[in-house]
Amino acid sequence: MNALKRSSQVAYKRWKDRNISFVTPQTDDKSVLTVHEEQPGIDEPSDEGVRTIQEQVDLEDSKNRSSGISETFTVEEAVEAIGFGSFQWKLSMLTGVAWMADAMEMMLLSIATPQLRCDWRLSSWRVAFITAIVFIGMMISSSLWGNISDKYGRKVCLILCMMWTLHYGLLSAFAPVYSWILILRGLVGFGLGGAPQSVTLYTEFLPVKSRGISIILLGVFWALGAVFEVLLAMVVMPTLGWKWLLAFSTFPLVVFAASCCWLPESARFDVLRGREDKALDTLKYIAAVNGSSVPTGRLIVNTQTERGRIKDLFLPEYRKTTLLVWFIWFCNAFSYYGLVLLTTEMFQAGSPCSGSGNSNSEPRCSLECNDLTFPDYLDLLWTTLAEFPGILVTLWMIDRIGRRKSMAICFVLFSVSILPLYACTQRTVLIVFIFIARACITGGWQVAYVYTPEIFPTATRAIGIGTGSGMARVGALITPFIAQVLLKSSVYLTLSVYLICCLLGAVASWFLPMETTGRSLQESTQSTMEQKNMERPHDSETTSN
């Protein structure tokens, strides 16, 4: 009896050090084993209580061993066992529609603003502010949507932000004056700030082997949205004008609204919130759709009440990573949207070479009031199609050389690609190098979308993506004043800003402290810290014994 008592105390001490306790199931579902966080300061149970827990666990283990059933399984193990199948393809379609909507709302900024400049006789800084106000809304809301996603669920967050965007996207098509377009597009930006949470939801249903490729392929929907927006503008803008373009651009949001009732909640989120029955039902449903099965045994549920806290991103284990990831998102958005806006501005201005015949003079863009012509739309379409080869190259790199090196290479190649733009080149050469640059920055940003949800645990994954997206919107907020205002004064200086920014982004990518290729998703901040610190105490304990 004394030996049993000492064994129970040792077992309890190990559980206490890890800050969790095993509790027998309280529901009729015998396939759920709940793991709760212990709150500091609670008295330890009596020896009898400890012995009871030990006996119960030993009894269940012996039953499982005798019946050939695995002892326990986690959501991560269940997702791996279920694999990639029909469910993930359906989820790809629905989350992809959300990405198409985001891409179209962003792309129309560069297409509609030239006509707004002419219709309302706007100065360059007023035109830039129409673009900037959308990013202000996104910057303000990104962290808020991330917090909602971590606290109330990925499904709730995504549906709310998409419905918000649909509502104000339609209303902005009726804006009568400049002030109203600013207010309504700002509210559209507020809704779009939650669009990256579609990646959070999508990531948490993907097995490790297919995660990187699947998220990169999700970028195909972004590229399709951008291409569809240009094609739509080619038809609508010359005949119906910018208001109808804004209205028709909400079509993917209408599709999402009609289909979102199918959208499931993340099983990882349900596990973290303590909804073990719901998580298990979701896993069983996915297994049925995929024609596979959930692992036999008992589901381990690790609950964490404190979720979605920005301060958790600055724990010692994550501080450096958080700051570098934020800067990488900033550089990606600053350069991507800068290049999109730069493309239309340079096409609208005609030849970038103006002024005297001196070959040493700096090229300038006049940025006068000129509507985009059919050749302009065609060239814009060609540069937009660059996103597809960018995605294909990234698919080849991401699992071969890793996430960090892939981002660094994309940043460097973008910087090299814009160097020829310093010269007074022909329009065809200009299109070619803009095509290459856009492919590179698209690929790099897609890798950032893969890396970010992989590096943060479930408890802070949405707020990690949300704050990263918020930093991206800071870059997107600044870039119109570079690509649309500074460009009027100096092409050289404008290009130099983007060149330096991407070189710094390459350095930040190289110095990220952890590579996530092949790494399982972590569930809670506590479990992540325990995973890093558990082995040394365990080894010392073994040595002492």
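Glycine residues also receive a Cβ, built from the backbone N, Cα and C atoms like all the rest.
Summarising the annotation, TrEMBL assigns compositional bias 'Polar residues' to 522-531.
What TrEMBL records for 532-545 is compositional bias 'Basic and acidic residues'.
Positions annotated as domain 'Major facilitator superfamily (MFS) profile' by TrEMBL: 91-517. Across all of the domain 'Major facilitator superfamily (MFS) profile' (91-517), the predicted model scores a mean pLDDT of 83.
Look at TrEMBL and you will find 522-545 tagged as region 'Disordered'.
The transmembrane segment annotation in TrEMBL covers 124-144 (among others).
Here the transmembrane segment (156-174) has long-range neighbours at 95, 98, 101, 105, 141, 145, 148-149, 181, 184-185, 187-188, 190-195, 197-198, 201, 243-244, 246-247, 249-250, 253-254, 256-257, 260, 263, 462, meaning same-chain residues at least 6 beyond its ends whose C-beta is under 8 angstroms from one of its own. Per TrEMBL, transmembrane segment is recorded for 156-174 (among others).
Annotation source TrEMBL lists transmembrane segment at 180-203 (among others). Counting residues 6+ beyond its ends, the transmembrane segment (180-203) has Cβ neighbours under 8 Å at 91-92, 95, 98-99, 101-102, 105-106, 116, 129-130, 133-142, 144-146, 148-149, 154-155, 157-158, 160-169, 171-172, 211, 214-215, 218, 263, 266, 449, 453-454, 461-462, 465-466, 468-470, 473, 521 in the same chain.
Counting same-chain residues at least six beyond the ends of the transmembrane segment (215-236), those with a Cβ under 8 angstroms from any Cβ of the stretch are 92, 95-97, 99-104, 106-108, 111, 199, 202-203, 206, 244-245, 248-249, 252, 372, 374, 377-378, 380-381, 384-385, 387-388, 391, 394-395, 398, 442, 446-447, 449-450, 453. What TrEMBL lists as transmembrane segment is 215-236 (among others).
Long-range contacts of the transmembrane segment (242-263) within its own chain (CB-CB distance under 8 A, at least 6 residues past either end) are made by residues 90-91, 94, 97-98, 100-101, 104-105, 108, 111-112, 115-116, 119, 155, 158-159, 162-163, 165-166, 169-170, 172-175, 201, 225, 229, 232-233, 236. Annotation source TrEMBL lists transmembrane segment at 242-263 (among others).
Long-range Cβ contacts of the transmembrane segment (323-342) within its own chain (Cβ-Cβ under 8 Å, at least 6 residues beyond either end) map to 106-107, 109-110, 131, 135, 407, 411, 414, 418, 434, 437-438, 441-442, 444-445, 448, 451-452, 455, 464, 467-469, 471-476, 478-480, 482-484, 487, 494, 498, 501-502, 504-505, 508-509, 511-513. The transmembrane segment feature in TrEMBL is assigned to 323-342 (among others).
Residues or ranges marked as transmembrane segment by TrEMBL: 380-398 (among others).
The feature transmembrane segment is assigned by TrEMBL to 405-423 (among others). Below 8 angstroms of C-beta separation, residues 328, 331, 335, 339, 394, 397-398, 429-430, 433-434, 436-437, 440-441, 443-444, 447-448, 451, 491-492, 495, 498-499, 502-503, 505-507, 509-510 of the same chain, each at least six residues beyond the ends of the transmembrane segment (405-423), sit close to that stretch.
Feature annotation from TrEMBL assigns transmembrane segment to 429-451 (among others).
Beyond the transmembrane segment (463-486), the same-chain residues lying 6 or more positions past its ends with a Cβ under 8 Å from any Cβ of the stretch are 113, 124-125, 127-129, 131-132, 135-136, 138-139, 142-147, 149-150, 189, 193-194, 196-197, 199-200, 308-310, 312-313, 322, 325-327, 329-335, 337-339, 341-342, 345, 367, 448, 452-453, 455-456, 493-494, 497-498. Feature annotation from TrEMBL assigns transmembrane segment to 463-486 (among others).
Feature annotation from TrEMBL assigns transmembrane segment to 492-512 (among others).
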